[in-house]
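Novice: Got a structure for you, questions after.
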Amino acid sequence: MVSSSRVYGGVEAPDRQAERRNRLLDAGLDLLTSGPAPNLTVRGVCKHAGVVARYFYENFTDLDQLSAEVFDRAIGHVATTTQQAVDAAPLPEKTSAGIANLVRVIEGDPRIGTLMFGNNPANSVIAERRHAAWDMFAALSGQHMNKTYQATNDETLRAVSYYTVGGVGHTLAAWVSGQLKLPGAELVRVLTELLQPVRR
C-alpha cells in the first residue's frame, strides 16, 4: 500500500508511518505478554494500537511477521545495551555488568522479561526466536569468556557458554514468573557469584 505523502499537523508521511509502526509493535508486545495463551488477531492488535487494519498491512504481511519483529526489537535492545555495559566495564566486572544490565532492562519493562523468559512462548514464532536468541547469547558469552576462561578447544568454550546462558536463562525465567522472589540487585549478586568459577 502506498501511503499519502501529504503533511498533517506538521508531520511528514514517513514520520506518521513510523509512529503507527511503533504503536503496532508496542501493541504486539502488550498482547504477546498478556497471559499464558494470548489470542493474537489483526483486529485485536489494531484496536489496541488505535489504528485501522489497513495500517497493519502497511507494515506487516501477517501476525507471524509482527511477532518476529516484536521479538527482534526487544532482543536487539537487550543485546545492544548488554554489550555496551560489558564493553564499558573493567575486566573483573564484565560478568556483573552484563547481568546487571539484563536485570535492569527486565525491571524497566517486564514485558521484555515475559517475552524472552516466560514459561510458555506466546506462539511458535516466539519459540523459534527464543532458541535463536540463546545461540546468540551463547556466542556473545563465548567471546567474553575467551578472554578469561582457559578453554582447551573451541568446543569446550562452547560448552561453557551454553552452560552459562542456560543457567542464567532458567534462573531469570523463575524470577520473571515469580517463582524466585529476590530483589533485582540481589539476583545480580547471586548470579555473578555463581558464575565466578566459570571465569577462573
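Placement of Cβ uses the backbone N, Cα and C atoms for every residue, glycine included.
TrEMBL does not curate its annotations; it predicts them automatically.
Annotation comment: TrEMBL describes 18-78 as domain 'HTH tetR-type'. Residues or ranges marked as DNA-binding region by TrEMBL: 41-60.
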Novice: Below 8 angstroms Cβ to Cβ, which residues of this chain, lying six or more residues outside the DNA-binding region (41-60), approach it?
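Specialist: 1, 3, 17, 20-21, 23-24, 26-28, 30-31, 66, 69.
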Novice: Find the average pLDDT over the DNA-binding region (41-60) in the predicted model and report it.
Specialist: 97
Novice: Report the DSSP secondary-structure composition of the DNA-binding region (41-60) as helix, strand and coil residue counts.
Specialist: 15 helix, 0 strand, 5 coil
